[in-house]
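Notes follow the structure.
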Amino acid sequence: MGKRIFLFILTNILVITTIGIVLSVISAATGVGSYIGADGRISMVALLVFSAVVGFVGSFMSLAMSRWMAKMMMGVRVLNPEKDSLTYDEQQLVDRVHRLSRAAGLSKMPEVGIYQSSEVNAFATGPSKRRSLVAVSTGLLHEMDDAAVEGVIAHEVAHVANGDMVTMTLLQGIVNTFVVFLSRIAAWIASRFVSREELVPIVHFIAVIVFQIIFSVLGSLVVFAYSRHREFHADRGGADLAGKDKMVHALRSLEAYTSRIKDDDQTAVATLKISGKRKASLFSTHPDLNERIRRLEAK
């Protein structure tokens, strides 16, 4: 899930920044939708409406693009048994995802993808349960045994069945609203300190972009915290689908993997992987592995 969250947040920041810039330029040129009056004061109601529109449109555009972005950025090759000649391992992967998806009650099977990487990673993404993607790295299939792979895939299918991407999008929309709102207030305050009137619009424009990026990074802490919370639910869902023993085995395999990789590789594992570091941090998308195992065993 970590790779998915990272791509979603990155896409979201780019989208809301682009939308904000376009709307600001249109507003400056036409005066339509401006939240700054002729007297230089901010209309809080107009700014809040503007922020909500940009925030939620941005988050839902990011959701709509999530599957395409994941395929493009990760180089995911979608496995289609009806059109492509698959290897035995690839066919096994497709069959496993479909079997677990049916067990989870999904009416339409997710796309199944694989991408070349030595990293142990898997993620699920997509705008809805009916338009989802479950992808794994070749490194995961190479490093893990069948039972661990089953647990990892069950965990990702549980994310799809739980509708975590849509819930995350709603949360991101709220965060975006605050980001856009606060960044423009901060930019307005900053522009008030500019003595040359002709430079005020330029300073305000640049300050909006800078503050929006800063607040977006800070706002991502809320999304990361929620992501860590949802991981426990996906672990339980994975245990229901594959069995608790396989889910625990998958987590222990991830723990063993993160223990033996080189320190230089640990940074890559920290925020982007299904495992994350063994110890969680504010910027982790996943909680402490030991805590995940403890909670699952106590289930």
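For all residues, glycine too, the Cβ spot is worked out from N, Cα and C.
Going through Glu82, Glu90, Glu111, Glu231 against Swiss-Prot, the one listed in the Zn(2+) site together with His155, His159 turns out to be Glu231. For the transmembrane segment (44-64), the most Cβ-contacting stretch among 5-25, 170-190, 205-225 is 170-190 (pairs under 8 Å). Shown are the binding-site residues His155, His159; the one with the most C-beta atoms within 10 angstroms of its own C-beta is His155. Long-range contacts of the transmembrane segment (5-25) within the same chain: residues 33, 50, 54-55, 57-59, 61-63, 65-66, 69-70, 73, 125, 165, 168, 172, 176, 179-180, 205, 208-209, 212-213, 216, 220, 223-224, 227, 271-272, 285, each at least 6 residues beyond the stretch ends and with a Cβ under 8 Å from a Cβ of the stretch. Long-range Cβ contacts of the transmembrane segment (205-225) within its own chain (Cβ-Cβ under 8 Å, at least 6 residues beyond either end) map to 5, 9, 12-13, 16-17, 20-21, 24, 168, 171-172, 175-176, 178-180, 182-184, 186-187, 190-191, 282-285.
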